[in-house]
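So that we are looking at the same thing, I have put the structure below in C-alpha cells.
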Amino acid sequence: MEFISIVEIIGTIAFAMSGALTAIEKDLDYYGIGIFAITTSVGGGIVRDLLIDRPLPASLENPLYALISLLSAGFVILFYAHISKLAKMLQFFDAVGLGAFTAIGAEVAVRTGLYQWFVVVTLAVLTGTGGGLIRDVFAREIPYVFRKEVYAIASILGAILYIIVFRLAGSQMALYSCFLATTLIRLYCMEKDVHLLKVGKVTME
Amino acid sequence: MEFISIVEIIGTIAFAMSGALTAIEKDLDYYGIGIFAITTSVGGGIVRDLLIDRPLPASLENPLYALISLLSAGFVILFYAHISKLAKMLQFFDAVGLGAFTAIGAEVAVRTGLYQWFVVVTLAVLTGTGGGLIRDVFAREIPYVFRKEVYAIASILGAILYIIVFRLAGSQMALYSCFLATTLIRLYCMEKDVHLLKVGKVTME
Amino acid sequence: MEFISIVEIIGTIAFAMSGALTAIEKDLDYYGIGIFAITTSVGGGIVRDLLIDRPLPASLENPLYALISLLSAGFVILFYAHISKLAKMLQFFDAVGLGAFTAIGAEVAVRTGLYQWFVVVTLAVLTGTGGGLIRDVFAREIPYVFRKEVYAIASILGAILYIIVFRLAGSQMALYSCFLATTLIRLYCMEKDVHLLKVGKVTME
C-alpha cells in the first residue's frame, strides 16, 4: 500500500462526503450513498491519471481511496439526521475537495515534468473539478463547474499560486498554499454569493 | 479480425439488447436504437482499455463488436412488438451483460499481470458496470449501479469468485464461474427484490 | 505553441459557439458560457487523444484551443441579442464542428499509422461526435448523435470519403473533402428534415 499525502486524504474524505450527501438528496439508499461517495472521490484522480497516460489509475492500484470513501459514507449515514443544512454542507465539502484536488493536480503535473504554466493550470483544474463533475452527471444535475462562476476560477487562481510558491518555496509549501487558497476563495464567494452577470435566456419571439 | 471469446459475444449481445430496449423506451428511432446498442455494448470494454492503458481499445480495432451490436439491435427492432414486459427484458439483458463483462474484466486484469485482489475486483466491477452506466447517462437516467444495491455487489462477489476459482481450477473455469455467479446473483436479487434500507431524504425543516 | 491546422481552428470555433449557445439556452451566466464553449470544443479532441493513447491531450499541451474557445464565447456573448434563431444557429455550428472533427479524426488515424478502414471510420466518428456528446451530457439533453439519424451517418460517410480521396489525391485533399462532405450532408438532412422511421414506444398494456 503506497503512501497517500494528507492533502489527498482530506480531498478524498471531502469529495466522498459531498457524494454521499448528493445521494441522500437524490433519495438513494445506503448502497447508493456508498457508490456516490466512491465515484466522487476517485473521479478526479482517474481523470487526471487518464490525461497524463498513467499505466493504471492510482485509485485502482491502491484500495485506500475506496476504503476512506466508504468510511466517510458510513460517517455521513450515521450523522445525516443531525445535518440541518444539507445543501450548505454539500457545498462546503465540495469546496474542500476542489481545493485539495486542484493542489494534487498541480503537484502531479510538476512531478511528471510538465512545467509549462498552461499545462499545470489545466491539469490542476481538471483534477480539481473532475470528481464533482462526475458526481453531478450521475446525479443528473448540471455540474457546479458550469453554474458557479467562482468555481473553476478559484481552481485557476489556486493553480497559479501553486506555480509562484513552487518557485519561491518548493513543492510542500506550494501544495498547502494552493489547497488553502482555492478552498478559501471558493468558500468566500459562496458565502458572499459573488457572481458574474447572467446573459439571460434569448427568447424566441 | 481477432478471436473474441464466447463470454464476450454473450456480453456484447446482452448489453446491445439492453441499449436497444432503452432507446425504444426513450422513444428513439431505428438509428437511435442502433447507436444505443453500440455504445452500451462497447462502453464497458472501452472503459477497461482506457484504465489498463491499452494502445487502442479492442472495439476500435475489431469491427466484430459493432457488427454484433447492430445485429442485436436489428433483432430487437424486428421483435420489439412481441415484447410485453420491456422493463423486465431490459433488466434481464443488463444482468447477463453485467455478468459477462465482470468476468472479462477480471480475466483482462489477470492476463495483464495484475494479480492483487483489489485490482482484479475493481477492474472487473468497472468493466462490468461501465456499459450500463454509459447507457444510463446518455438516456438521462440515474445509472442502475447507483440505484440497485445488489448490482455492484453481484459484480464484486463474482470477481472474488473468479480469483478463488482461478487459483483452484485455472482461467477458463474462473471465467465461466464468475459470469454465471454474477448474473445469477443479480437476477435472483432482482426477482426477489432484495434491497438494503433506504436512508430517506433529509427534509430541510 | 504548435501549429494548428485551419480545419482544426474552424472546428474549435464552431463547437465553441455551439457550446456557448447551449449555455445561453440553459440560462447560464457569462462564466457558464465560457466553460461550455471550452468543454465542447476540446471534448472531441480529448476523446480522440485518450483512445489513441497519446501521452498528453493536444488541448492540454497547447493553450490555443482554450484561447480560441474563449474568444468564440466572447463573440457569442457580444452578439447573442441579435441571434433570432438560436436553435438553428446551434445546429449549424454543430454541423460545422462535426465535419471538421470527423476530418481531423480520420487524419489522426492515418497519421498514427492506423490504415484499416474500420479504425479510420471509428476514430473519425468518435472524434467528430465526442464534443457535442459531452456538451449534451453536461446540459442534460439526450445527445444529438442518439436522436438525429443523419448525424453519425454523415460522419461515417465523410470518413469513407476521406479514405477514398486519401488514396487518390493525398492527405490535404482528403481532409478538406471529408470536412465539407460531412458538414454538407448533415446540413442538407437537417434542412430537409430527412429521417428514418421511428419505432414508437412499446406500451405496457
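Yeah, the Cβs are placed from backbone N, Cα and C, and that goes for glycine too.
Remember, TrEMBL labels are computer predictions, not curated facts.
Take a look at what TrEMBL says about it:
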| type | residues | note |
| --- | --- | --- |
| TRANSMEM | A:6-24 | transmembrane segment |
| DOMAIN | A:6-80 | domain 'Glycine transporter' |
| TRANSMEM | A:31-52 | transmembrane segment |
| TRANSMEM | A:64-83 | transmembrane segment |
| DOMAIN | A:92-165 | domain 'Glycine transporter' |
| TRANSMEM | A:115-138 | transmembrane segment |
| TRANSMEM | A:150-167 | transmembrane segment |
Which value does the mean pLDDT take for the domain 'Glycine transporter' (A:6-80) in this predicted structure?
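Averaging the confidence scores along the domain 'Glycine transporter' (A:6-80) gives 86.
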Just to be sure I understand, if DSSP states are collapsed into helix, strand and coil, how many residues of the domain 'Glycine transporter' (A:6-80) fall in each?
63 helix, 1 strand, 11 coil
With DSSP as the reference, give the number of residues of the domain 'Glycine transporter' (A:92-165) in helix, strand and coil.
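Taking the domain 'Glycine transporter' (A:92-165) as a whole: 63 helix, 0 strand, 11 coil.
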